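Here it is: the structure, laid out below.
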Amino acid sequence: MSNRGDRISSLPDELLCQILSNLPTKNAVTTSILSTRWRSIWLSTPVLDIDIDAFDDATTFVSFASRFLEFSKDSCLHKFKLSVERDDVDMCTIMPWIQDAVNRRIQHLEVDCRFSFHFEAVYLTLYLSETLVSLRLHFVTLHRYEFVSLPNLKVMHLEENIYYCLETLENFISSCPVLEDLTVVRIVDIITEKILRVRSRSLNSLKLVLDSSNGWFIDDIDEWKVIIDAPRLAYLSLKDDQSASFVISNLGSSAKADIKVSFNVNDIWDLPVTFERSNVGKLLTGLSSIRDLTISGTTLMIICHYLKHEPMPQFCNMVRLNARFYDCDLEMLPCVLESCPNLKSLVLGLLSSAETEQQSRVSSVPPCFLSSLEFVEIRSRLCRKRYVMKVARYFAKNSVMLKKFVYVGRVSIQEEDLLALLWRYSICEIEVRGLRR
């Protein structure tokens, strides 16, 4: 063991620093007791990763961080991760640390503040970093500056922040010419601007979250909007129960989307007379070019209401669909599938509604059943066996290209039940699995 320890200690300082860089700074410090050789190695690492919870009090925390930054002030800092969850730390002490990190050509900056108030990022240097590659800010107040330039930023996660005005966030996004990954998490009760615009020619992945689950749901339906124009987008995730309108432009044919929105509808079981159906049409049109779609039961229920009045656009590029359907909307299933003529894979989650199951007939056969649909998975947690078998029978009777049929659920359905339905497809593989809790 000692030989191995000696062998590690004989490595160059640069390599030892690289090894310690993979540890939280507080853990890296513990190596200083190994030997005289290790005593100051941790101070030379290009990473400062500190969490106030790892310290007994705020004074020790501030002293530790200040000592590290002072010792290595002439060297570049590769990564700075700061987690502060107590109000007894003076933000006037913390902000100079961030300014110092930016001045030392930092590449990765993460500030996670959970004060009872928002931490204010007031120094202009943060908005003009030429070296930042990734940036995560949580619970931070961002000021508006006329000029913002982040030429090398590729990953940006902005979570529960306050923006002095709408232009602050828009400028942040538009000032990142090589931005590839963007996450924006907003909370209704701290939002001052209700229209979010994301325009980027470089963006590859976009995740937008707007949460009103804390009870701050606001019924000013026409004001909350999301506008997206990102032609290189490969992945889009929308989790939004507040915005009423979603306008998506130039989405590519290879894109994947995960959609859970409610169009500012507070009760999906009782849509108001004033509900603007055209907002559903706008979202469907914006998504109609994509290849892979996951859609929630809430969103799909509102779409089913829309389809009773308006046609659904064609999703000609769609090959994979993961959708959750309420039993009361079963009659709309063929209508949805008819819009996906080239669908190959369908994962169908069956949900029980608060209403009595309707005795609707599902009889029409979508084109994909006859030409492309090869995989069907039905997932059910609480639905009755009769309902599940009704859906399974629909696919068994009409899907002539089917190669694999999977049932995942708690309803007691045996493989023999499905074999009885699919007996005429000798090449169709059947699988039955229990649903994990």
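Cβ coordinates are placed from backbone N, Cα and C, and glycine is handled just like the others.
So Swiss-Prot lists these for the protein:
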DOMAIN    5-51  domain 'F-box'
REPEAT    86-113  repeat 'LRR 1'
REPEAT    134-160  repeat 'LRR 2'
REPEAT    161-186  repeat 'LRR 3'
REPEAT    187-210  repeat 'LRR 4'
REPEAT    215-240  repeat 'LRR 5'
REPEAT    272-297  repeat 'LRR 6'
REPEAT    322-350  repeat 'LRR 7'
DOMAIN    361-406  domain 'FBD'
Please average pLDDT over the repeat 'LRR 2' (134-160) for the predicted structure.
91
Below 8 angstroms Cβ to Cβ, which residues of this chain, lying six or more residues outside the repeat 'LRR 2' (134-160), approach it?
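Hits for the repeat 'LRR 2' (134-160): 107-115, 118-122, 124, 127-128, 167-169, 171-173, 175-187, 190.
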Residue list, the repeat 'LRR 4' (187-210) vs rest of chain: Cβ under 8 Å, 6 or more residues beyond ends.
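Same-chain contacts beyond the ends: 118, 160, 162-163, 165-166, 169-170, 173-174, 176-181, 216-218, 220, 223-243.
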Under 8 Å between C-beta atoms and at least six residues away from its ends: which parts of the chain pack against the repeat 'LRR 3' (161-186)?
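Here the qualifying positions are 118, 127, 137-145, 148-155, 192-193, 195-211.
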